């Protein structure tokens, strides 16, 4: 190997230190403002900044001037279509939350109007959600019985909605939306499927015409409650419920097979309510065991500010319920909004969505509404109906307003069993077994998280399922940080400059006399000790491999590729110092390759560079290997003494 062409490699630069204020400012910007929302205000006059600020806070001011009559025609059709779904769903989900059915209609009037002004999604249809309704019921019923003390129960539900809105809006204003990211996709799949299963089981009360039923949500309690009352089952109710459930599932199947007829599935809940009401009215079935909704008050939402129970002894329960339901509502709504935004190739702002959700729930809690979000089923109907903007929510709210003013007496004969059938049909669509199979095929740990959430909800409670899922997700993050991978790199034949993991590329060759290790994550106190043990073991394993293979060249150099190490703390630096001492005791040279800006800066401040020597730090793995090869063939003890670079084909 020739030594006449070898040149000293370019030294690794140490970036200049920044003042603490600038470093702090940069960190805050990257954490809370990754989308740089202030860039649009640069170099703008004050009047323009005020306009842009209002448009940012109230998105309707930004797109309303460009609104056209063609958009309006599409939004009217979509709004009327989702209103036909919102009315029966609102009544059904309110019953699921153990609240008066009229509150479900109220919740489809004011919140959609607020969201239309503040939301950034064109497709999201706002309304009550089954999972949120179940959460409110399961958490509040432990403290207050909705039948014994209905007024207090309603007050706590409205108070929980208020705190859900405050929490959601706070996340948006403080730009803390990343908290919701702790609910991973697998967590949401398992939790939603488990909650849907529980909701379906709860509806056995309506299907079988039972009057008394357990307030618990776990599978064992529900099954025990059902089969301990076999003598009270009403066959009339069961037959009617099964017939309507079959009708709803049949319309969904047909609409999936023929997407152009999506409106058949969208109209199915309303037609079920109409047919059921007519049937009960004509046959007087309410006198034969078929329970009906009964009287619904006419009129728009009454103010409920005075009903918020801030002085209640159950205030802590309302706050806890609000926070949990607020997080779930955000996770579902933002995920649904982003999913449909992808289809139309536009972007929604997660922080704006949180503010919009929060403000609509705060306004809703003051106008007799309970928790609202962005349900998938209603949004899918809105999307398929051809909505263009959030005006479809305004049209839906207008249709609900007309219902509240003039049509509520028509729901007197609506059978509760039809509402149960509507809920079951909607919930069966949320049990996403295909997503669970997909998780199993791709990532077994994600599948475990999913099943942990599902089983926790079904056999425990919605809170237990949520805690299990979040705990498993955080455990995975901790394991990833605390037990990072360290890969042995080798040179891929015919590509002298390329070094890749020998596990991923078995054809990669080990460099004689050199062990190249790559660390894949930032080095912190949580993984520093593990990395020390792992690197030490890699050195022992490489020495044993060389001995067993009878290679001529023994191990002389250890190169650590730090290209993937974005940051390091003092524990990590101490780990590198220990590795240096271990290498020295074995007579090995430790070299570093491709250190990142933050890493090299801290290594310099800690005097580690002075300890190891600037000449042992290289820009790339290739340069470090070239120096090691030169030293091995010139028998010099220090890579710094190398004079010139070997030709590329000899590396």
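Using N, Cα and C of the backbone, Cβ positions are placed for all residues, glycine too.
Among the ranges 92-112, 302-322, 323-343, 491-511, the stretch that TrEMBL annotates as transmembrane segment is 323-343. Annotated by TrEMBL as transmembrane segment, the relevant range among 32-57, 58-83, 188-213, 526-551 is 188-213. Given the ranges 393-412, 553-572, the record in TrEMBL names 393-412 as transmembrane segment. Listed ranges 215-232, 233-250; the one TrEMBL annotates as transmembrane segment is 233-250.
TrEMBL lists transmembrane segment for one of the ranges 10-30, 262-282, namely 262-282.
The transmembrane segment (262-282) is not in contact with the transmembrane segment (323-343), judged by fewer than 3 CB-CB distances under 8 Å for residue pairs 6 or more apart in sequence. 355-373 is the stretch from 125-141, 233-250, 355-373, 452-475 with the greatest number of Cβ pairs below 8 Å to the transmembrane segment (153-176).
Across the domain 'STAS' (504-628), DSSP classifies residues as 66 helix, 21 strand, 38 coil.
The average pLDDT the prediction assigns to the domain 'STAS' (504-628) is 89. Through the fold, the transmembrane segment (188-213) approaches residues 96, 130-131, 134-135, 219, 222-223, 225-226, 229, 232-234, 236-238, 241-242, 245, 289-291, 328, 331-332, 335, 416-417, 419-421, 423-424, 427-428, 430-433, 435-436, 439, 449-458, 462, 465-466, 469 of its own chain, all at least 6 residues removed from its boundaries and within a Cβ separation under 8 Å.
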